[in-house]
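As written in Swiss-Prot, here are the features:
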- Cys12, Cys48, Cys87: [4Fe-4S] cluster 1 binding site (BINDING)
- Cys163, Cys167, Cys170: [4Fe-4S] cluster 2 binding site (BINDING)
- 3-124: domain 'MTTase N-terminal' (DOMAIN)
- 149-380: domain 'Radical SAM core' (DOMAIN)
- 383-447: domain 'TRAM' (DOMAIN)
Amino acid sequence: MNKMLYIKTYGCQMNVYDSNRMVDLLETQGYNIVANMADASVIILNTCHIREKASEKMYSELGRIKKLQQSRLKAGKSKAKIIVAGCVGQAEGEEIFIREPAVNIIVGPQSYYNLPTMLEKLDSGTENHLIDLDFVEAAKFNKLPEVLKSPTVSGLVSVQEGCDKFCTFCVVPYTRGAEFSRPLEQVYREVLNIAQQGAKEVVLVGQNVSAYHGKDENGKECSLADLIKYVAKIDKIKRIRYITSHPNDMTDQLLSLHATEEKLMPFLHLPVQSGSNKILKLMNRRHSRERYLEIIQQLRELRPDIVISSDIIVGFPGEDDEDFEATLSLAKEARFGQCYSFKYSQRPGTPAAVKQQISEEVKQHRLSILQAQLMQQQLECNQKLIGKVVPVLFDRDGKYDGQIIGKTPYMQSVCIMNEKDNNLYGKIVNVKILTASASSLFGEVYADS
């Protein structure tokens with residue numbers, strides 16, 4: 001049987017991790033990954049539900065797949081099996097079958113380990129529509145195979161899933177379930193595995209990774225700081241990052257680790273969502289503007305060169321001009337070096353979705369103002385490195401022939417022209433920064449490297 005797999009990933013780094021694990025899982029069943037959807041016998045869309053636009057992208061893609069299926073039939077080929085995985089599948093369930101009957105399997109983010117069994121049922125011809133949306137977190141990791149290959153020199157490892165915070169705008173507690181942390185040794189073994197395959201950097205990921213509370217082999221509960229210190233013992237791992245955190249779970253132990261653990265990179269993504277205490281309360285964020293800025297100040301005292309990244313939502317129901325100005329001032333005071341900003345998007349089933357909504361025009365106007373400020377802040381952050389020599393981990397080819405791209409410790413992309421055809425992929429090399437834009441740095445290998 002022709003077993004060709006195509007997978008398209010939407011959304012967060014957790015979804016990227018899940019897609020990689022689905023590939024590992026199905027490769028053990030004889031599937032080969034293909035780059036062209038038209039060549040696939042199985043097509044997986046691993047979906048995101050965080051914003052309305054993200055889920056609509058999936059339906060648009062399903063429309064294109066239906067046209068592809070028709071072309072296959074005309075050419076005398078069989079249809080590909082279509083799988084909707086991830087958070088849209090979890091949130092919308094059988095409604096997807098109603099809207100798009102061409103979909104064969106719907107599987108949630110905690111139950112995709114059952115894909116081999118579900119595909120076997122499809123092959124037997126006894127079923128045409130299958131669905132599995134169980135929240136059985138431990139089973140997922142216990143039943144997945146070992147990572148077969150680290151996709152890049154920077155590997156993602158899921159350590160924590162789900163969220164118990166219930167922010168009023170967010171679907172994560174409903175699509176990913178309650179907070180669950182993997183055992184310490186299980187995470188360590190996975191990091192060791194990808195390190196032995198060439199990964200130099202590990203990114204510990206979770207919906208609320210700073211709430212990690214996995215247990216060691218003796219049943220003792222461990223914090224994220226404990227996990228980072230343990231993973232740092234792996235010699236081949238040179239860089240450690242973690243994402244995404246919640247301010248309420250940033251303990252003194254974790255903050256202090258930024259000053260003492262040399263493998264922990266001087267970068268932190270810490271979403272704030274709003275600079276207004278009124279809006280933070282309406283969002284059920286459970287922290288204040290002042291507390292957030294205290295954390296940032298503490299981090300900068302511990303690690304003066306740290307770069308802070310964040311997420312901000314504009315146009316949340318109830319946000320007025322004064323609230324928006326508070327967000328602008330917080331972004332400036334926090335000196336975000338990077339920031340992802342979005343218009344509020346109603347998500348069905350969340351408390352904020354039923355409130356009085358702000359007009360699209362006002363949301364777009366505020367977003368434009370905020371993004372202009374953030375772009376300038378990011379440019380200024382990048383320009384500070386001009387003339388300096390920084391260690392860069394090269395992990396991918398650039399847009400142009402001979403160009404290679406890597407990351408600084410501060411998560412900035414660095415482009416160089418690899419004119420001497422040196423094999424820099426997977427290496428940490430000192431680079432002198434020559435110029436900077438808001439999105440990238442440009443440099444050359446430092447002569448003394």
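Glycine is no exception: its Cβ is also placed from the backbone N, Cα and C atoms.
What you see is a predicted model, and the numbers here were worked out from it, not measured in a lab.
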Taking just the CA atoms, what is the gap between Cys48 ([4Fe-4S] cluster 1 binding site) and Cys163 ([4Fe-4S] cluster 2 binding site) in Å? 16
Limited to the domain 'TRAM' (383-447), I'd like the whole-number average of pLDDT. 92
Rounded to the nearest Å - Cα separation of Cys87 ([4Fe-4S] cluster 1 binding site) and Cys167 ([4Fe-4S] cluster 2 binding site): 17
How big is the Cα-to-Cα gap, in Å, between Cys12 ([4Fe-4S] cluster 1 binding site) and Cys170 ([4Fe-4S] cluster 2 binding site)? 14
Go ahead and report the DSSP secondary structure tallies for the domain 'MTTase N-terminal' (3-124): helix first, then strand, then coil. 65 helix, 23 strand, 34 coil
Which number gives the other C-beta atoms within 10 angstroms of the C-beta of Cys48 ([4Fe-4S] cluster 1 binding site), all protein chains shown included? 21
Given a 10 Å Cβ-Cβ cut-off, pick out the one of the binding-site residues Cys12, Cys87, Cys163 that has the most other Cβ atoms nearby. Cys87
For Cys170 ([4Fe-4S] cluster 2 binding site), list the number of other Cβ atoms lying within 10 Å of its Cβ atom. 21
DSSP, reduced to three states, assigns Cys163 ([4Fe-4S] cluster 2 binding site) to coil
Taking DSSP states H, G and I as helix and E and B as strand, how many residues of the domain 'TRAM' (383-447) are helix, strand and coil? 1 helix, 34 strand, 30 coil
Nonlocal neighbours by CB distance (under 8 Å) for Cys167 ([4Fe-4S] cluster 2 binding site), same chain, sequence gap 6 or more: Gln273, Met283, Asn284, Arg285
Starting from the Cβ centroid of Cys12, Cys48, Cys87, the recorded [4Fe-4S] cluster 1 site, name every other residue in that chain with its Cβ within 8 Å, sequence order please. Tyr10, Gly11, Met14, Asn15, Thr47, His49, Ile50, Ala54, Gly86, Thr175
